[in-house]
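Some notes on the structure that comes next.
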Amino acid sequence: MPAELINGTAIARQVREDVARGVAELVATGGAAPGLATVLIGDDPASEVYVRNKRRACTAAGMIDQHRHLPGDVDQATAAALIDQLAADPAVSGILLQLPTPAHLDVEVLLARIPADKDVDGLTVANAGLLAQGRPGLRPCTPSGVMALLDQHDVPLQGAEAVVVGRSVLVGKPMAHLLLERHATVTTCHSRTRDLAEVCRRADVLVVAAGIPGLIGPEAVKPAATVIDVGIHRSGNGLRGDVDTAAVAEVASRITPVPGGVGPMTIALLLANTLTAARRQQGRADGPINGTTAS
Ligand SMILES: NC(=O)C1=CN([C@@H]2O[C@H](COP(=O)(O)OP(=O)(O)OC[C@H]3O[C@@H](n4cnc5c(N)ncnc54)[C@H](OP(=O)(O)O)[C@@H]3O)[C@@H](O)[C@H]2O)C=CC1
Ligand SMILES: Nc1nc(=O)c2c([nH]1)NC[C@@H]1CN(c3ccc(C(=O)N[C@@H](CCC(=O)O)C(=O)O)cc3)C=[N+]21
Ligand SMILES: [Mg+2]
């Protein structure tokens, strides 16, 4: 029996509606509408598409679009000054520096200038450290979106074998921490992993974020596993992921499509983080943000 498709577009729409309601309530009770500053440096066409989608979603949720665009040859000091200005601006609740940035810039230094409470991507050392310690903070959007997909489908995590392919700061590492927080037994794979397929075949939950089109085929999937494909690649006029979706769907019980899986969730969780950040900056925090350690 072919796998059930996990509909990220539909689940993201629900999250976005919840966020829009939260924004409306904040404003109706005398708060300021959240502002999201997407910072794009240069003109990589794929990045332009992502940033445009994020800005549209931001406006649709009732937030203020505070987009900034810098030329690809901007110097480090000018880029840093822009981040500092956004950091000091009370109309800016969240700052997202779109990655990758041009190679001549020191991206770690730029990220370090984003205040932790405006770090809606969860990429600062402070927020990554809080996550690693299992403490509340702003968490990276893509892994948080994956958790929301798993929860919507009631995928059991406690004691489950979870394998994450990829160990980036943006996706793989925070993904592993979030799964650990939910008491999965987590294995992280990377480019030096010996016999990737063998390790992946252990997984009840397999999350693939390697950036290699079609890396995971049916030989790497345990029967009835849940497979989450984070990868995104433009091929001709279509999109594909890191998983051979058609073949893996014959083995898995649930799988995310590309497009329409994880991608829309990333944007939805970015809006959720921006609302959370705005509430906290306006003294509206009600309890710990973004989850606590499950018990
Ligand atoms: N849908 C969405 O919302 C998002 C999608 N993406 C997509 O997800 C993918 C991953 O993104 P990102 O984490 O930023 O990518 P990175 O390139 O930063 O990291 C890729 C990771 O995969 C590992 N890897 C590479 N090749 C292999 C291999 N053959 N076997 C096992 N592991 C391998 C790398 O290992 P090593 O560390 O050893 O180099 C690295 O840890 C990309 O396709 C990206 O476009 C990213 C963010 C959001
Ligand atoms: N600082 C930073 N934070 C990020 O979160 C970040 C980033 N940099 N750099 C690039 C990656 C990639 N990423 C995606 C977001 C949405 C879709 C998305 O909406 N995808 C749609 C399709 C969109 C399309 O048609 O191109 C889908 O999968 O259905 C995809 C990928 C966020 N990233
Ligand atoms: Mg990358």
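These residue numbers are counts, starting from 1, taken along the chain as shown.
The backbone N, Cα and C atoms fix where each Cβ goes, glycine too.
As annotated by TrEMBL, domain 'Tetrahydrofolate dehydrogenase/cyclohydrolase catalytic' applies to 6-121.
The feature domain 'Tetrahydrofolate dehydrogenase/cyclohydrolase NAD(P)-binding' is assigned by TrEMBL to 140-281.
As annotated by TrEMBL, NADP(+) binding site applies to G166, R167, S168, I232. Counting every protein chain shown, the number of other Cβ atoms lying within 10 Å of the Cβ of I232 (NADP(+) binding site) is 20.
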CB neighbours within 10 A of S168 (NADP(+) binding site), counting all protein chains shown, number 17
If you count other C-beta atoms within 10 angstroms, which of the binding-site residues G166, R167 is the most crowded?
G166
Secondary structure at S168 (NADP(+) binding site) (DSSP, helix/strand/coil)?
coil
